[in-house]
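S.K.: Provided herewith is a single structure, encoded as structure tokens, for subsequent inquiry.
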Amino acid sequence: MSDRVLRAVSQSGALRTQIGSDIFSRFVETFEQSKPLIAQTLRELSSRFEGLPPVPLNETLLEALEQAVRASQKGLDGSSAELRDRLSDFIERVANRQTTESVVSRVESLRGQLREAQATYYQDDTSILSDYEFDRTMDLLEAEEEYFESIRRPDSPTQEVGGSRSALFDPVEHAERMLSLDNVFSIDELTEWAAKTSAAAGRTPAWLCELKIDGLAISLRYELGRLTSAATRGDGRTGEDVTVNALRVAGIPEHLSGTDHPTLVEVRGEVFIPTRGFAELNELQAQLQERAVAAARERWESRPEATRGPFDEQREAASAARRFPAFANPRNAASGGLRQQLDKKSGLEREAGDARVATLQLYVHGIGAWPRPPVAAQSEIYDLLAGWGLPVSPHSKVCTSIEEVAAFVAHHGEHRHDVEHEIDGVVVKVDELTLHDELGATSRAPRWAIAYKYPPEEVHTRLLDVAVGVGRTGRATPYGVMEPVLVAGSVVRQATLHNQDVVRAKGVLIGDTVVLRKAGDVIPEILGPVVELRDGTETEFVMPSHCPECGTTLRAMKEGDIDLRCPNAQSCPAQVRGRVEHIGSRGALDIEALGEVTAAALTQPRVPAVPPLITEARLFDLTLDELVPIEVVVRDAETGEPRTDDDGEPVARKPFQKIRLDYPPEAEGMTAQERRKAGYRKDHPVVEPSAQAETLIDELEAAKTKELWRQLVSLNIRHVGPVAARALADWFGSLQAIEAASEEELAQVEGVGPTIAAAVTEWLAVDWHQQILDQWRAAGVRFATPDHPGPGAAQQDGVLTGLTVVVTGSMEHFTRDGAKDAIIAAGGKAAGSVSKKTDFVVVGPGAGSKETKARDLGLSILDEAGFERLLDGGPDAVADLVGGESDS
Ligand SMILES: [Zn+2]
């Protein structure tokens, strides 16, 4: 894209003569449509040319501008900051204000960052730069070196394959050099590369696309079919000998199967940890932490009582967390797994090490040191390798056009997490082997292949603070407040840290640079600190001893609970706010006007000083008059922190009032003519209830007579969600009957059980809960199902009595809840998940794993029409549809 644009510009004679705001305005025009962000930045920058003398525009400068634009396009993460820097830099250059020294020091700093990143990565299996940052830094350095030829150095990281060796392993010289791949970050760049490659090849070749596995490159040397060494890439010429561990990796055979093996061949591949294995590995690390603490306790107990002090559980836990930390990502875990010296480990460490090796897997993707393989295409090499018993990725595809390649890239970009391992991009190779020789390689990478890199899902950012929020149940949850960062397509500022033990286990300090991960729709997670970047100013998070909302001392509710809670359930404003919001939620009374902001306005307003709701007891007594004056501070949805405007003042709103302008009261009763004569205008403000206030009052009124199960959910009884509430409501028919039942009677109801029964009894025994019930009843809330025949009666009859039905997928005539209600009304049980005990599974369009499972279990499956027959006539009515097996 930019290539073509710049060439067009350079061919325009007028522009060859000078550079200044006019050339920038032309660029602005060119980019306006396709790259609005670049256009906007250029527009802003062009003003800086005013007052500067015109500078002759020659080829070198034009090239520099091109470099600047190209480099910044690569680095654009949706923010224009980097682009601005690059272009500012460029302007400095054309204005002859830059010095050679500034360029040299900039380049040296880039080289230093890259070298340090390589060193820590290869020697310590950690990284101070994220992969994406590393590639980007490398790109910037390349751009600089291309621009200033004089500063190129043969020892620059751009001239090396990347990485080096650790002294722990014996060196292995690769028979053929192991190269890296060059990267592209957009389809435009990929297309550009393909065009260049096609031009060099003299025709459009077939493209072999494969997933770029986020793992560790390995070269397996087979001589006459026997593995003689396995080596990491190292610097590309010499790698590390990891044969001992490699022989234990699934998929690395010591002897190749088949016959006609070449005298020597190096099989190249990627060692990785599959996603599922990674999760198991981290579970094991957590278990090992526990076992290490238990072992320490045993040792302590075996010492004579007189000689031992108290057992320091915290210290032991911290030490165990250091010995068996959670792995931040599968790639680092794989790298460390392959490059460990197991024979030097024992006990729990050995167990951890063995498990890591056992989790490793291999996919092969190329060969080296075999000048004339008996095939013509790279894709055929994979068939050959598979025939030798080597594992080949099932995800590759040969494409005949670059559009097809782009579709492959787009598809796997959307389905990144649907494959068995982590991927960070797509590798595109020229399929024909003869072209590999013709196209050759640069000092670092082959010209016949390129890596398309997806936007990062793992980034580095700074942990500015760890704050603590209090939720509906009083749980105090620490969460990280971070420098905002773009990850996987959205800006992330906060991530929960769950509890103080998690903060400690992750080992993060306030001020740390942390690794933040957000994959697709997944909730952002702080993986851990980048310890190498600490400067000593970082501080440890201390869990507060008091509730940040009401000042009550936090405590664990039960012995052994990790979570700390604010015990002031009745009037802690954060808890009341959470409960009131819950009452309005869809699974409870479904009051649309009672959302997050309204809940905050009613419980934590700025005005009046005494909130309308100190507990939820008065909810149904609210009046329009008391709503109108309420003023609320707008808070962040996640953290509860007040939002501030540009002056740092909290942003406040009055959600329940609107101001209408009218004639002043004195003008009342006057005719239009009289008002005009007296000079009255519509300039007198009249405060009135807003539409939201009216809606809230109306919806609260309507909510009073909603179904009993909704009323039960809205009471915020622990464990009583919609499912348990329906079970209670269906059986008992009224809150009065529930109150009259013993805990045992409650527990016996299908779908209730002892835990819920205990929670209900416990809740009912609390004085201030009774006040809520009294006040709600007095306000007209109906805690009963009209015409319910009494406890237990509902279960007695109905065509589905004793049967369990699961509905999955969408229905034409039922909503999800409607289908449930229909099943329950017919005496059946509406279950959420499929099991052997399920009698019928109703399947509509969009049904997923539940349908698969139902088929696997051989259950009776119905469509919507069948479902309607089932509701009408019971199992007999659908016997012909399901083969009469439903009775069993
Ligand atoms: Zn509190």
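Quick reminder: no glycine exception, Cβ is built from N, Cα and C everywhere.
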S.K.: For the record in TrEMBL, which of the ranges 69-89, 111-131, 300-320, 531-551 is the region 'Disordered' one?
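M.R.: Result: 300-320 is the stretch TrEMBL calls region 'Disordered'.
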S.K.: Write down the one residue from LYS344, LYS453 that TrEMBL lists together with ASP131, TYR132, GLU133, PHE134, ASP135, SER180, LEU181, GLU210, ARG233, GLU270, LYS429 as binding NAD(+).
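M.R.: Checking LYS344, LYS453 against TrEMBL: the NAD(+) site match is LYS453.
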S.K.: Check the Cα-Cα distances from LEU181 (NAD(+) binding site) to the recorded positions LYS212, CYS550, CYS572 and tell me which is shortest.
M.R.: LYS212
S.K.: Output: those binding-site residues from ASP131, ASP135, ARG233, LYS429, CYS547, CYS566 whose CB lies less than 6 Å from an atom of ligand 1, in sequence order; none if no residue fits.
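M.R.: The qualifying binding-site residues are CYS547, CYS566.
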S.K.: Pull the DSSP breakdown for the compositional bias 'Basic and acidic residues' (300-316) and write it out as helix, strand, coil residue counts.
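M.R.: Tallied per class, the compositional bias 'Basic and acidic residues' (300-316) gives 10 helix, 0 strand, 7 coil.
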S.K.: Do you know offhand how many angstrom separate CYS572 (Zn(2+) binding site) and ARG233 (NAD(+) binding site) by C-alpha?
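M.R.: Between the alpha carbons of CYS572 (Zn(2+) binding site) and ARG233 (NAD(+) binding site) there are 59 Å.
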S.K.: Give the residue counts of the domain 'BRCT' (795-861) per reduced DSSP state, in the order helix, strand, coil.
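M.R.: Residue counts in helix, strand and coil order: 20 helix, 14 strand, 33 coil.
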S.K.: For the C-alpha pair, I'd like the distance in angstrom between CYS547 (Zn(2+) binding site) and GLU133 (NAD(+) binding site), rounded off.
M.R.: 40
S.K.: Using the Cβ center of CYS547, CYS550, CYS566, CYS572 as the Zn(2+) site position, which other residues in that chain lie within 8 Å, going by their Cβ?
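M.R.: Checked against the 8 Å cutoff, the neighbours are VAL470, GLY474, PRO548, GLU549, GLY551, THR552, LEU554, PRO567, ASN568, PRO573, ALA574, GLN575.
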S.K.: Would you mind checking how many other C-beta atoms are within 10 angstroms of the C-beta on LEU181 (NAD(+) binding site)?
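M.R.: I count 18 other Cβ atoms within 10 Å of it.
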